[in-house]
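Colleague: Take a look at the following structure, please.
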Amino acid sequence: MIETLDSPANDSDFLDYITALENCTDEQISFKMQYLPVIYSIIFLVGFPGNTVAISIYVFKMRPWKSSTIIMLNLALTDLLYLTSLPFLIHYYASGENWIFGDFMCKFIRFGFHFNLYSSILFLTCFSLFRYIVIIHPMSCFSIQKTRWAVVACAGVWVISLVAVMPMTFLITSTTRTNRSACLDLTSSDDLTTIKWYNLILTATTFCLPLLIVTLCYTTIISTLTHGPRTHSCFKQKARRLTILLLLVFYVCFLPFHILRVIRIESRLLSISCSIESHIHEAYIVSRPLAALNTFGNLLLYVVVSNNFQQAFCSAVRCKAIGDLEQAKKDSCSNNP
């Protein structure tokens, strides 16, 4: 029978229970050592140079800047900031969860992961709303496409993400376990009741609401284009690719992480068997790099969003043949009704 630990209980029993759970999850250290450093290394080796190139193209090659350009540039910046934290996590998990960089860096790296995660989610939501207005309400798009609106939206995203994630600097803790210094993530820190309610509010406001908005935006866009005059145009094909890519990022990368984070925190508050707790923690570990894989999806997004980006990339790497092919495709699309 499952018994909640939220109600007042004997303090020594509670501490004994938490210690037992820590012993359960300690069994995952070898799994983390084999899984997380490898996946994080792949993400870093692909994502860091990819986002560096993307930022360079947006800054030096893309002219004139449009609303989508500004949003994509900010998205690439937040991805790059996140990727710079990965070497610290790679070292941490490869060394058997032995944190050598101090308490400040522990909080900073954990804060950086969540700050850039939610910045990325909100930038993708802003981009989806801009696309929705341009396609569904074209008469309003002339004002909304002015770059000042994108600048305001991006500034708002940075501020909202900062405010939303700031409490983590107080909730995330580092500790010493079995002769090693551990940098705990949100789900493993100590103030469980506060963490539970903070996590629920954070998930509802900065993930569930954006997920609903993005889903409604793209289902409406596809429905409108399907029954509209441009049914067979390249415009619709591009919209379909964007829809599939954005929804994959949200439902494959972000959704499992948020669901399993809620379950992981709840499992620490409920009196459950060590075996179940171990399996929940293992599933949560698997979901964490999934959330980071959105950086791969974002790299594809830069290419899909703009033909100008494709041409600028080809110009940067001197791939003239591919550039000619993309120009031919663009001309073909523009000639379609």
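From the backbone N, Cα and C atoms, a Cβ is placed for every residue, glycine too.
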Colleague: Considering the candidates Cys24, Cys154, Cys183, which is the cysteine that Swiss-Prot reports in a disulfide bond with Cys106?
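Modeller: Partner cysteine, according to Swiss-Prot: Cys183.
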Colleague: Would Swiss-Prot have Trp99 and Ile276 facing the same side of the membrane, if we go by the names of the topological domains it assigns?
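Modeller: In Swiss-Prot, Trp99 shares its side of the membrane with Ile276.
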Colleague: Considering the residues Asn10, Asn23, which is the one that Swiss-Prot annotates as N-linked glycosylation site?
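Modeller: My reading of Swiss-Prot gives Asn23.
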Colleague: How does the topological domain 'Extracellular' (264-284) divide up by DSSP, counting helix, then strand, then coil residues?
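Modeller: The counts are 17 helix, 1 strand, 3 coil.
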Colleague: Against which stretches of its own chain does the transmembrane segment (201-221) lie, if we need a Cβ under 8 Å and a gap of at least six residues from its ends?
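Modeller: Cβ under 8 Å, 6 or more out: 118, 121-122, 124-125, 128-129, 131-132, 135-136, 160-161, 164-165, 239, 242-243, 246-247, 250, 254-255, 258, 261-262.
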Colleague: Note down the number of other Cβ atoms within 10 Å of the Cβ of Cys106 (disulfide bond), including every protein chain shown.
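Modeller: I count 22 other Cβ atoms within 10 Å of it.
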Colleague: Give the helix, strand or coil assignment DSSP yields for Cys183 (disulfide bond).
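Modeller: Reduced to three states, the DSSP call for Cys183 (disulfide bond) is strand.
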Colleague: Short question: which residues 6 or more past the ends of the topological domain 'Extracellular' (91-116) have a Cβ under 8 Å from it?
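Modeller: For the topological domain 'Extracellular' (91-116), the list is 29, 32-33, 36-37, 40, 78-79, 81-82, 85, 161-162, 165, 168-169, 172, 174, 180-186.
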